[in-house]
Amino acid sequence: MNPNQKIMTIGSVSLIIAAVCFLMQIAILVTTVTLHFKQCECDSPSNNQVKPCEPIIIERNITEIVYLNNTTIEKETCPKLVEYRNWSKPQCKITGFAPFSKDNSIRLSAGGDIWVTREPYVSCDPGKCYQFALGQGTTLDNKHSNDTIHDRIPHRTLLMNELGVPFHLGTRQVCIAWSSSSCHDGKAWLHVCVTGDDKNATASFIYDGRLVDSIGSWSQNILRTQESECVCINGTCTVVMTDGSASGRADTRILFIEEGKIVHISPLSGSAQHVEECSCYPRYPNVRCICRDNWKGSNRPIVDINMKDYSIDSSYVCSGLVGDTPRNDDRSSKSNCRNPNNEKGNHGVKGWAFDNGDDVWMGRTISKDLRSGYETFKVIGGWFTPNSKSQVNRQVIVDSDNRSGYSGIFSVEGKSCINRCFYVELIRGRGQETRVWWTSNSIVVFCGTSGTYGKGSWPDGANINFMPI
């Protein structure tokens with residue numbers, strides 16, 4: 001091949017290569033533009049029709065990056081559809097409760113800036129659990145912590161952290177509140193926050209970080225709510241609120257809220273005589289609450305809430321092993337399912353229970369007179385049989401030598417069933433421990449298990465002599 005032919009051959013090959021490269025670049029450009037402007041489509045599970053993603057609420061915005069000849073193409077995939085929770089799965093079958101979380105707030109307060117709190121509770125969104133408490137507007141190692149035994153001051157705020165994270169200085173203050181409830185409807189958080197004068201308090205309803213509605217005191221006597229999670233089904237949330245005497249007749253109302261707006265209010269009906277500090281759980285399609293009778297009964301009231309027609313019924317837990325403190329000893333205590341037992345009814349403590357077929361799972365202080373120790377057990381026939389006392393599967397959560405406090409329920413949706421969990425408030429400081437001037441708490445959390453479990457005790461554990469005064 002002579003030199004001219006070589007030059008022509010090389011030139012031809014070069015032109016072919018250049019043309020191929022040019023066509024590839026055009027193809028890459030077309031692909032990039034197409035992917036950029038192509039409307040993302042998602043298959044609707046309800047009717048198998050293709051719908052655009054734009055009007056759908058985005059939970060996670062996932063980006064896939066594809067590398068093609070040094071050209072980066074970002075492909076935005078369709079996000080998951082975020083829906084209201086309906087809690088339609090069955091309740092998990094359990095053999096007892098297993099340890100889940102403990103925040104050790106008081107022990108950590110001996111050497112760190114941790115909030116002074118009380119009235120803690122736990123609630124979960126569809127992906128994560130959070131702990132809440134009512135802060136006293138001060139850390140423990142701070143002179144403002146003196147005399148924080150008082151419940152209602154204007155500096156109290158609702159605190160919110162991931163479960164297991166103590167309330168440190170960076171903790172979010174959700175709202176102003178000395179009484180509260182929170183729940184997630186599947187799309188956003190609802191917070192019910194009560195604050196103000198005892199005789200004319202205000203409940204603010206905060207949804208998705210915005211104040212949406214409010215309601216004032218209707219009996220001018222300490223408007224108050226659950227101190228544990230509310231419950232939302234298909235976009236409607238319900239919360240139990242009481243205004244009136246803590247040791248006599250009070251006015252309890254059940255509020256129904258949609259995206260922060262009050263849509264209906266139902267009065268309490270049924271046989272319950274006094275209801276406050278309810279611990280509520282979803283019982284699809286309705287909601288059930290176990291509450292505190294601070295007037296006549298040491299057996300706990302039940303409030304059944306119909307989420308469709310807003311009707312209310314109430315009664316009392318049938319178990320003769322009653323759940324409130326103070327109470328009679330187990331040999332003499334009783335309950336007939338319909339009425340308060342008139343046994344040491346004046347005063348009490350927030351608590352919980354939940355139905356399990358004919359039986360009832362419940363928790364209570366070990367001491368019948370003081371907020372000391374904590375135990376759980378199942379009462380056979382305790383949901384339907386008056387004065388039933390057959391106890392099985394007893395567990396000690398906090399031994400009787402250590403302090404406890406409020407307790408409440410929260411629900412967690414699993415793949416196939418809804419699990420019931422509970423928390424126990426571990427109170428320290430005044431009034432029992434007078435070496436210090438503050439009153440605060442830590443928490444311990446357990447959840448239902450179908451497995452086996454051992455024994456133990458999970459008290460607060462702080463040495464009061466190590467603590468700031």
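Every residue number used here counts from 1 along the chain in the order it is shown.
Just so it is clear, glycine is given a Cβ too, placed from its N, Cα and C backbone atoms.
Annotated features in Swiss-Prot:
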REGION    11-33  region 'Involved in apical transport and lipid raft association'
TOPO_DOM  31-469  topological domain 'Virion surface'
REGION    36-88  region 'Hypervariable stalk region'
REGION    91-469  region 'Head of neuraminidase'
DISULFID  Cys92-Cys417  disulfide bond
BINDING   Arg118, Arg152, Glu276, Glu277, Arg292, Arg371  substrate binding site
DISULFID  Cys124-Cys129  disulfide bond
DISULFID  Cys183-Cys230  disulfide bond
DISULFID  Cys232-Cys237  disulfide bond
DISULFID  Cys278-Cys291  disulfide bond
DISULFID  Cys280-Cys289  disulfide bond
BINDING   Asp293, Gly297, Asp324  Ca(2+) binding site
DISULFID  Cys318-Cys337  disulfide bond
REGION    323-344  region 'Disordered'
COMPBIAS  334-343  compositional bias 'Polar residues'
DISULFID  Cys421-Cys447  disulfide bond
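Overlay of Swiss-Prot feature records on the structure.
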residue : record                 : DSSP (3 states)
Cys92   : disulfide bond         : coil
Arg118  : substrate binding site : strand
Cys124  : disulfide bond         : strand
Cys129  : disulfide bond         : strand
Arg152  : substrate binding site : coil
Cys230  : disulfide bond         : coil
Cys289  : disulfide bond         : strand
Gly297  : Ca(2+) binding site    : coil
Cys337  : disulfide bond         : coil
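When the Cα atoms are compared, Cys230 (disulfide bond) and Glu276 (substrate binding site) turn out to be 13 Å apart. Long-range Cβ contacts of Cys291 (disulfide bond) within its own chain (separation 6+, distance under 8 Å): Val240, Ala272, Val275, Glu276, Glu277, Cys278, Ser279, Arg300, Pro301, Ile302, Val303.
Comparing Cys280 (disulfide bond) with Cys232 (disulfide bond), their Cα atoms are 10 Å apart once rounded.
Least packed by the Cβ count within 10 Å, out of the disulfide-bonded residues Cys237, Cys289, Cys421, Cys447, is Cys447.
Here the candidates are the disulfide-bonded residues Cys124, Cys318, Cys417, and by Cα distance the one nearest Asp324 (Ca(2+) binding site) turns out to be Cys318. The CA atom of Cys318 (disulfide bond) is located 12 Å away from the CA atom of Gly297 (Ca(2+) binding site). In sequence order, Tyr84, Arg85, Cys183, His184, Asp185, Gly186, Leu190, Thr238 are the residues near Cys232 (disulfide bond), counting only same-chain partners six or more apart with C-beta under 8 A.
Other residues of the same chain near the Ca(2+) site, with their Cβ within 8 Å of the Cβ centroid of Asp293, Gly297, Asp324, are His274, Arg292, Asn294, Trp295, Lys296, Ser298, Asn299, Arg300, Pro301, Tyr316, Val322, Pro340, Asn341, Gly345, Gly348. Spread of the substrate binding residues is 21 Å (greatest Cα-Cα distance among Arg118, Arg152, Glu276, Glu277, Arg292, Arg371). For the recorded site, Asp324 (Ca(2+) binding site), the DSSP three-state label reads coil. Across the structure, Cys337 (disulfide bond) and Cys417 (disulfide bond) place their CA atoms 28 angstrom apart. One residue stands out among the binding-site residues Arg118, Arg152, Arg371 for having the most other Cβ atoms within 10 Å of its Cβ: Arg118.
Arg152 (substrate binding site) sits 38 Å from Cys92 (disulfide bond), taking the Cα positions as reference. In terms of C-alpha distance, the listed recorded positions Cys92, Arg118, Arg371 place Cys92 closest to Cys421 (disulfide bond). Over the region 'Head of neuraminidase' (91-469) the predicted model carries a mean pLDDT of 98. Each residue contributes its Cα atom, and for Cys237 (disulfide bond) and Arg118 (substrate binding site) these two points are 24 Å apart.
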